[in-house]
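Some notes on the structure that comes next.
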Amino acid sequence: MRSGVIAQKVGMTRVYNDAGEHVPVTVLRLDNCQVLAQRTVDKHGYTAVQLGAGQAKVKNTSKAMRGNFAAANVEPKAKLVEFRVSEDNLMDVGSELKAGHFEAGQLVDVTGTTIGKGFAGAMKRHNFGGLRATHGVSVSHRSHGSTGSNQDPGKVWKGKRMAGHMGQTRVTTQNLEVVSTDEDRGLILVKGAVPGSKGSWIIVRDAVKSAAK
């Protein structure tokens with residue numbers, strides 16, 4: 001098991017493959033993704049690497065974090081993520097991960113925070129059909145209707161799909177294909193859509209279920 005990378009979502013575009021077919025892709029950019037620390041079994045009880053990406057202003061960095069960055073001999077980072085790895089995949093502190101970490105054709109799992117939509121009704125949030133247009137229905141055409149409660153159990157069950165805050169949740173999209181990489185510009189082109197807004201931080205890992213596909 002090897003480390004993933006921290007990337008920044010640039011946006012979507014399309015490219016043409018060798019067969020002349022256009023493929024919708026999301027462009028992810030690696031911005032100084034470096035190893036900040038190691039976690040070892042002897043010292044921490046597990047093996048992992050801590051990565052940092054982007055650039056943070058020194059004035060916005062705590063004194064403790066400035067010490068960590070200085071120990072790793074790297075500039076302050078805007079985003080930090082820890083990846084569990086096998087012992088033979090530990091990397092030296094300060095080493096940089098580039099777009100060549102992945103290769104065209106392989107499958108990856110991409111994690112990001114979805115775009116927030118604010119307070120949304122049941123029709124938009126859960127794709128409910130709504131109530132009837134007429135025949136006794138007034139004002140509440142787009143409501144979710146009954147919540148299914150009676151004297152017994154006398155409550156609304158947890159997880160009941162209702163109106164509420166939509167988006168702004170952590171989502172992982174699995175088995176996306178890497179169309180191509182550009183190591184000089186630090187770009188990874190992934191087939192399809194990726195959760196998150198432009199400029200948001202994205203975590204890219206080797207797909208865990210690729211063998212099943």
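The backbone N, Cα and C atoms fix where each Cβ goes, glycine too.
As recorded in Swiss-Prot, the features of this protein are as follows:
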- GLN151: N5-methylglutamine (MOD_RES)
Number of Cβ atoms other than its own within 10 Å, given for GLN151 (N5-methylglutamine): 5
Where the residue listed as 'N5-methylglutamine' falls in three-state DSSP terms: coil
